[in-house]
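Taken from TrEMBL as is:
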- A:175-204: domain '4Fe-4S ferredoxin-type' (DOMAIN)
- A:205-234: domain '4Fe-4S ferredoxin-type' (DOMAIN)
- A:CYS214, A:CYS217, A:CYS220: [3Fe-4S] cluster binding site (BINDING)
Amino acid sequence: MMALVQNAAEGYKKMEIDAIELSDSKAKIIIKDTTNAFVNSLRRVMLSEVPTLVIDDVNIYDNTSVLFDEQIALRLGLIPIKTDLKSYNLPEECSCNGEGCTMCQLSLTLSVEGPKMVYSGDIISADPSVYPADPKIPIIELKEDQKLFLEAIARLGLGKTHAKWQAGVACGYKNLSKITITNCDACGICVEACPQNIIELQCTTAVVTDPLKCTLCKLCEDACDIDAITVDQDESVVILNFESDGSYTAKELIIEASNVLQEKASTLKQILQTLQ
Amino acid sequence: MIPVRCFTCGKVIGSVWEEFTKRSESEDAGAVLDDLGINRYCCRRMLLSHVKLVDILSPYQ
Ligand SMILES: [Zn+2]
Ligand SMILES: [Zn+2]
């Protein structure tokens, strides 16, 4: 609340975004001039409301493996599939009214005979542009004379329905730490105390080398005998960490999350405008 | 069979299982996990504590 009031007083500031780390599966983004509330809403959308394509129905024609049909179906459901939101609709939003058509369903087949280790890459998709994101996930090890033959149907869904549709993995955020060191006697106790090893002694004072790594544990504050070091957090700067399960790249994931959020806001606006 | 995903965070860990078992015979298991990008302890325990049962069960199929 404090931060909100402050921002209002200073007037609107455009937020500044900087990617510290951005790979296909993982991202660390620092957002300045924002609030925890905003970043948290992004985080929650990434976890529960970005649609992903996942196997939802399995017809098993033959299974003589060591796993039960249900267990095979569960394993298939957990395999992330590269999702293209432009060519698929959520079943409840599709023109077929959820009955199932090529715009909201994808058929995949798996037909294997042992002895063989069956991988997610062995699944054959009816749409060549949509396939399991990681081809190396073991599904089941078949021994001599064991067979597995099934057809699966993948649908778009939301993480709030079932965790298999959850696109974001381990999404979390923290504020940037603000470490102030005044009248330091360079005793070095805080250097020893810091579990992240980000405090260094330079001549007559301790210096923080990488405030991004600070976990706000305040061990340095406790260790200091003369109270020269204080750890605070800057509530207008948020460090957002997230990973993708493979159905999107990390960049696509956060873009989709912002789209979902934007859509919600515009729906709200539309409804309010019709009320007058 | 190794679970497809970590029970806690949902990261796909099944795909590194074979490389992990092969390499950890000669290397330090912790170092292999670091190298494979399995950083969180929830995901690490999935691989470290897994017991393979397929070979034990398959004769009774
Ligand atoms: Zn449809
Ligand atoms: Zn995990």
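Placed from the backbone N, Cα and C atoms, the Cβ positions cover glycine too.
Since the structure is predicted, the reported quantities are computational estimates derived from the model, not experimental observations.
Known features from TrEMBL, placed on the structure.
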residue	record	CB count, 10 Å
A:CYS214	[3Fe-4S] cluster binding site	23
A:CYS217	[3Fe-4S] cluster binding site	14
A:CYS220	[3Fe-4S] cluster binding site	26
- [ ] Determine which residues of the chain contact the domain '4Fe-4S ferredoxin-type' (A:175-204) at the Cβ level, with the cut-off under 8 Å and only residues 6 or more beyond its ends counted.
- [x] 30, 36, 210-217, 219-220, 222-226, 228-235, 237-239
TODO: Can you see whether DSSP assigns A:CYS217 ([3Fe-4S] cluster binding site) to helix, strand or coil?
DONE: coil
- [ ] Report the binding-site residues (A:CYS214, A:CYS217, A:CYS220) that meet this criterion: Cβ distance to the nearest atom of ligand 1 under 6 Å. Use sequence order and write none if nothing qualifies.
- [x] none
Open item on the list: With helix taken as DSSP H, G or I, strand as E or B and everything else coil, how many residues of the domain '4Fe-4S ferredoxin-type' (A:175-204) land in each class?
Closed with: 5 helix, 11 strand, 14 coil
